[in-house]
Amino acid sequence: MKHLPEQDAQVFKAIQLERKRQQDKIELIASENFVSEAVMEAQGSVLTNKYAEGYPGKRYYGGCEHVDVVEDIARDRAKEIFGAEYVNVQPHSGAQANMAVYFTILEHGDTVLGMNLSHGGHLTHGSPVNFSGVQYNFVEYGVDKETQHIDYQDVLEKAREHKPKLIVAGASAYPRQIDFKKFREIADEVGAYFMVDMAHIAGLVAVGLHPNPVPYADFVTTTTHKTLRGPRGGMILCREEFGKKIDKSIFPGIQGGPLMHVISAKAVSFGEVLNGDFKTYAQNVIDNAKQLAETLLSEDIQLVSGGTDNHLVLIDLRSLGITGKIAENVLDEIGITVNKNAIPYDPEKPFVTSGVRVGTAAVTSRGFDQEAMKEVGSIIALALKHHEDEAKLEEAKKRVSDLTARFPLYNELDY
C-alpha cells in the first residue's frame, strides 16, 4: 500500500492488525475464505467510482460501456458454472438475494416452508427477528432427533398441511448433503415454488461435488464468498421465465446502483472456478472436513449427525460440559477462530448455544492438508477438554503457532 499509511494511519494500522490476525490464527469460521490477490485487485480497482443503475445495455447513467462488459462476463461465467438459464449478479449479499426472490413471488402474509434456524437454517429462512419472519408466515421443518438429518417426511407432512406458496431448502449449519429432488417432488405435490439457498455449498456444487439444485429449483440464491471463494456478495440463478421479474425486484425494487467493483471481483472469482484447479481445491475442502471430523470423533468429541458430507462440522459440546460461548472464547485464546452455534434441539439460548461450527474452506485455501487437519482436530480436542488448564492451553497455543508458520498467507502483500 502506497497512500493509505500516510493519509490515514489509524485505518492502516487496523488493516495491518487484521492481516496479522489472519496470518497468525487458524480460520475455521465456515462462512469465511481467503480470496486471491487477483480478486482483491479487481475489488480495489477504479470500478469503485462508477454508478451503473440498471443492467447491461439498459443503464440510467452514461459511461457504462466498460462496466457492462464486466457484468456480462460475470453473468456468462455463472451460467456456465451452474448450468443456469438466467443469472443476476447484482445482489449486495445473500440476504438481499433471498429478499429479492421473496418480493418476486410472495405477498405479505403468504405461507412459506423453511428450515428451523436452530436446526441449521438461516435468519432469512423465517426467523422471527428477520424481515422474512415478519413479512411472511413461515412454517418450520427440521432434522430428525435421532439421525440429525433433514426429516423429509416432516417436510412432506407440513407441506400437505400448510400448503405453502414457497418451499425453501438450504442451510447455514447443516453438514450433510441435501436431496433437492425430494424437495422438488414435495413442492410439485402441493403446488409450491421451490427455492434453494446454496450459499454455503456453492463452491462444491460448482464442480460437481454436491448435487446441483439448479435443475430442480425455480430459484437458487447464493453468496459469492464462502466455498465459492469470491468477494462478499450475492447472486440469483433462476429459470428464464422469472428473469425479468428478478431483475426488477433487485433494481429498482430493493437496491439502487450495483457495486461494479464487487461485480468485477465476482467475475474474476468465477473465472478461477472455471480453472481446473478449483475442483482439486473443493475436493480438498471436503477431504479436510472429513479428516477433521474423524479426528474429533476419535477424541470422543460428539458431532451433529456424526460427521460431514461437505465443508463444515458442527460440534456438540454437551458431553464436555461447556457452552458454545465458552468454547469460542477458549479456542480464540489459543489462536483458532470459530463461531458458537446452536445445535438441533438446543437447550441453550442463541447467544450461549451448545455447539460450535467449524469449516475448512479458508484453511484449505491456505494450503492445509489432511495431516494438518489431524493436528487441528487434536489441538481443538486438547483445548476443549482442558479449557481451564493454563499449561494445556499454552501447549495448544504453541502448536497453533507452529502450524500457521508452516502455511504463510498472502506472501506478496506489502503490509
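Each Cβ is built from the backbone N, Cα and C atoms, and glycine gets one as well.
The (6S)-5,6,7,8-tetrahydrofolate binding site annotation in Swiss-Prot covers LEU117, GLY121, HIS122, LEU123, GLU241. Taken from Swiss-Prot, the feature N6-(pyridoxal phosphate)lysine covers LYS226, and the record attributes it to sequence analysis. Per Swiss-Prot, site 'Plays an important role in substrate specificity' is recorded for HIS225, and the stated evidence type is sequence analysis.
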Q | Distance in Å spanning the most remote Cα pair of LEU117, GLY121, HIS122, LEU123, GLU241, given for (6S)-5,6,7,8-tetrahydrofolate | A | 31
Q: Calculate the distance in Å between the alpha carbons (Cα) of the residue listed as 'N6-(pyridoxal phosphate)lysine' and LEU117 ((6S)-5,6,7,8-tetrahydrofolate binding site), and round it to a whole number.
A: 19
Q) So, in DSSP terms, is HIS225 (site 'Plays an important role in substrate specificity') helix, strand, or coil? A) coil
Q. Are there any residues in the same chain, six or more apart in sequence, whose C-beta is under 8 angstroms from the C-beta of HIS122 ((6S)-5,6,7,8-tetrahydrofolate binding site), and if so which?
A. ASN98, MET115, GLY170, ALA171, SER172, ASP197, ALA199
Q: To the nearest whole angstrom, state the Cα distance for the pair GLY121 ((6S)-5,6,7,8-tetrahydrofolate binding site) and HIS225 (site 'Plays an important role in substrate specificity').
A: 18
Q) On a count of neighbouring CB atoms within 10 A, which of the recorded positions HIS225, LYS226 is highest? A) LYS226
Q. What count of other C-beta atoms do you get within 10 angstroms of the C-beta of GLU241 ((6S)-5,6,7,8-tetrahydrofolate binding site), across all chains shown?
A. 10
Q.
Within a 10 Å radius around the Cβ, which one of these binding-site residues has the most neighbouring Cβ atoms: LEU117, LEU123?
A. LEU117
Q: Based on Cα distances to HIS225 (site 'Plays an important role in substrate specificity'), point out the closest of the binding-site residues LEU117, LEU123, GLU241.
A: LEU123
